[in-house]
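> These came from TrEMBL, pasted as-is:
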TRANSMEM  B:33-53  transmembrane segment
TRANSMEM  B:161-180  transmembrane segment
TRANSMEM  B:209-229  transmembrane segment
TRANSMEM  B:235-256  transmembrane segment
TRANSMEM  B:301-322  transmembrane segment
TRANSMEM  B:356-374  transmembrane segment
TRANSMEM  B:434-453  transmembrane segment
TRANSMEM  B:543-560  transmembrane segment
TRANSMEM  B:596-613  transmembrane segment
TRANSMEM  B:633-656  transmembrane segment
TRANSMEM  B:668-689  transmembrane segment
TRANSMEM  B:695-713  transmembrane segment
Amino acid sequence: MATDDPMLRTDGLVKEFGNFAAIDGVDIAVQPGEFRSIIGPNGAGKTTMFNLISGGLDATEGAVYFDGEDVTDLPPEERIQRGMGRSFQISNIFGGLTVRENVRLAVQSRMRDSYSFREALFKPTGRYDDINDETDEILGRIDLADIAEEEAAALPYGDKRRLEIGVVLATEPELVLFDEPTAGMGPEETQSTIDLIEEVLVEQTLILVEHDIELVMEISDMITVLNHGQVLAEGTPEEIADNQDVQDAYLGGMTE
Amino acid sequence: MYAGTIQSMLDVLSAGTASFISVQELLNGLTVGMVYVLLASGLSVIFGVMHVINFAHGELYAFGAYFAAAIVTPLGGGTGFYVALVVAPLLVGVMGVAIERFTVRPLYGRDPLYHILLTFGLVLVLNDLIKLIWGTSPRRIARPEYLTGPIEMVGMTFSRYSFFIIGFGGALALGVWALLKYTRYGLIIRAGAQDRRMVRNLGISIDRYYSLVFGMGAALAAVAGLIFTAGRGQVVPGIGFDIIISAFVIVVLGGLGSFRGAVVGGLGVGLLQESIIRPGVPDLQLPLVPENVLAPVNMVLGLLPQLEGMVIFVLMIGVLIFRPRGLFGTEFEEDSGELLTGSSGGFLTDSGRFKLGIAMIGLLALVPLGSGMLPSPLSVRLIMTMLTWGLFALALDFIMGYTGLVSLGHALFWGIGAYVSGTVLFNFTESAFVAAGVALLVGGLVAWIVGYFSIRVHGVYFAMITLAFAELFHTSLTKIDGWAVGFCETTPVCSAEAARDIQLTGGSEGLFGFSSYWGLGGVGVELEEIGIFLGPVTLTGDLLLYYIILGVVVASFFITRRMLQSPFGAVLKGIRENEQRVRFLGYDPTVYKRRAFVVSGIFATLAGVIFALNESFVSPEAAEWLKSGEVVVMVILGGMGTLFGPILGAFTFFGLEALLQEETLFGPFIWAGSLVGLGGPIEGVSATVAERWRLFLGSTFVLFVVFLPRGLVSVPELVQQRVPTRFDPTNVPADPEGGDD
């Protein structure tokens, strides 16, 4: 395939739950290196869209292309192996493991093919130098190195979100899907999380689902507005801000 | 006029089926089927509404029969029978309400697997309660004269009582159906089976209906127990044990939670077992189909009687794989409550626990040296049993505690270990190494196959499918020799004399008296030939085997622990914590679970091998479902997800058993009692306890599930929480190196 393929493309994507079409024929194309945000009122289908892209749900119709290849029928783990990464709306980390173990499990997933059967089964994870080095580096980048030995479940909320980002980062994805990474955060924490995302994932293609419109306008390259499972509008933040349909359907009805 | 119509209908029926199934056999199947319907419908509705898999349902069935026997015996078979038909189900219904209220209710919100564990404990309690109250000698339930003897119809004789069972059972099932369909209670119960949360959100407190449903299910089971045992056979303590697995098969086939499914499944299984498989069917002869096409079909049909007891498990496995919801089941929200694993916190630090473990191993190594001096409950034989089961429990924990898959069929691997090594030693070579090697190979292979089919189903379905595989193996054990003989006779491979001597599994007797040596190709030693003299003690035979077992168990512990620290183990721990997230890190959980299942299967097989080497005999008991249940009990007792917890659980289990069976435990009490003139009664109590230890063990276990679900290993942590001043966690210096694995 040609190199100017989009990083991610959906083609006539439909997801029906019974008779209700949560996603109703969505075509989007996200270019490499782009920062795309998906917004829309509650129930517009944002999270469903995310699940279709990442493999959490199977599409009723249509196709998903990642890096030029059809991944519609692949389970999530194989999409991740091809370079997708996903964070979750609610912190979705391994609560009973330490911060270091969380990151290490993610790093290890990328390297597992390089070990022999005997090593993978019997050599303690703590003795793999390559995994340890990478883990340390990521712990440094997400600024959690000094609490690396604490149990993840005991972390304060903001640190859990950082760890969540670190875990995604550790799988070295080309495309990262963020589902409301700042949900439930105060303004300061939100800013530092966004700074973190922009800092550590500057080279990656990003797709973000977010409620905070101001934030989205500030950081996105392109915005897709969903409503009733369909694309209502698509464009740069300026174009979206000026779009009358969007204001009617969404911004007008939104009082926060 | 009607008689004429019925006559002609029966004529047509018998003409049409004469070549296939006789009318008597059909009636037989329907009779047994109706009993299944009554038993399974309660089980299924209880599951549908409360998501409780009730293993104790078979014991409630037995209680129904026992209450009835107790009522009918003094009152006589006339009125007594009808009184029993009303009173016994009511009594059992009350028992059901009490069980729900006091044991099941505290567990709502936890993973449904805890209900399996709880009701398994109840099986032990109820079964021993029956023996305690009524003894073990068989009883009979006399029927009214009117319901005995044959009845002549259309030139054939039928049993009157069969018509009664079909008529009465059918009316009762219809009544329950109408209750569910047309009453307000029924509506709420059906709605609850669909979506409990929604019913709660409507402002209906569905919990209040749970007792009712449980009681109703129990009463139906009691009716089933009564009418079936009054018809055929005797009331003996094992009747609940024997029928519960069939009831599960029916519930799974019909669809968990579906009343209609239980009816169709019950009748279907009854007909299949009694009308088709047991009597066998004649060769099919269809006019338009050529002979050579029918030949293989007829060959399979001809084999059916030999597969009695196995076909239903094959069906069950097939349904679970291809249509997990069964024939009529609807998709139900699977609660994924938390599985409570043992914790490693508490006042014992990692290094403290390690030292404690080493001390324990050291202590165990000293035991044989003091043999002959130690009190009998601590005998070497007992500890060998404890160690073997400890290994078995450790193996189960590897899959249960680390991936959350509760296998109810691990007796399969214990049985394979015991039988494969037994048959190798008995028939081929006496080398213990060869026997163990072959057994482990077979165990690993079977684990892979069973894992391949089972891992794709989740939760309760996984428990059921592993149970089905184990029962399939268990049932085949008594048949394998027959197949081998048949094979031998029909092929020129072996002679007629060879056929007569075949003893691969030894049928229902098992294999006795095989011996082994430790070596290969005839070169090696028997343990009896070695004598190590240490002062007054000579280590030989069993005492040496003791050290071999101890070594194997300790080595197995360290190997599995090491595995859990490896990248493979890290993924397993991840799956336990959050399976969905593991997928989104790029791991396929199914692959890792299957590998874990194989590891678990191999170690469980090893435990079975040790058992066979230790006992020098195997019998089909080695693979029965009770074993699978007991090993789950040990894992929970000790604390799952810790590896050492289950070993502790096995020691506690057998320790309790030995203590309860040891009447000298009560010696001091009897002596003290005799001083105040109560020696006799206390002696009586001690004798009862010794005989009914399962009752106490089961009760202990039920208390554990309800109050201490994290097992014995969580005791240090609980102590720490209760005694905060002495073990203040903030005073414990942080350990920067610790907690890394």
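These residue numbers are counts, starting from 1, taken along the chain as shown.
Any Cβ shown, glycine's included, is placed from N, Cα and C.
Keep in mind the model is a prediction, meaning the values are calculated, not measured.
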> If you count Cβ pairs under 8 Å, which stretch among B:161-180, B:209-229, B:301-322, B:434-453 touches the transmembrane segment (B:235-256) the most?
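Counting Cβ pairs under 8 Å, the winner is B:301-322.
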> Is the transmembrane segment (B:596-613) packed against any residues at least 6 beyond its ends, judged by a Cβ distance under 8 Å, and which are they?
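Apart from its flanks, the transmembrane segment (B:596-613) reaches 388-389, 391-392, 394-396, 398-399, 402-403, 405, 407, 410, 413-422, 425, 432, 435-436, 439-440, 442-444, 446-448, 450-451, 454-455, 516, 545, 549, 552, 556, 560, 563, 572, 622.
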> Output the single range from B:33-53, B:161-180, B:301-322, B:434-453 maximising the number of Cβ pairs under 8 Å to the transmembrane segment (B:209-229).
B:33-53
> What residues elsewhere in the chain lie close to the transmembrane segment (B:301-322), defined as a C-beta under 8 angstroms and at least 6 residues from its ends?
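Result: 246, 249, 252-253, 269, 272-273, 276-281, 283-284, 453, 456-457, 461, 464-465, 468-469, 471-472, 475-476, 479, 482-483.
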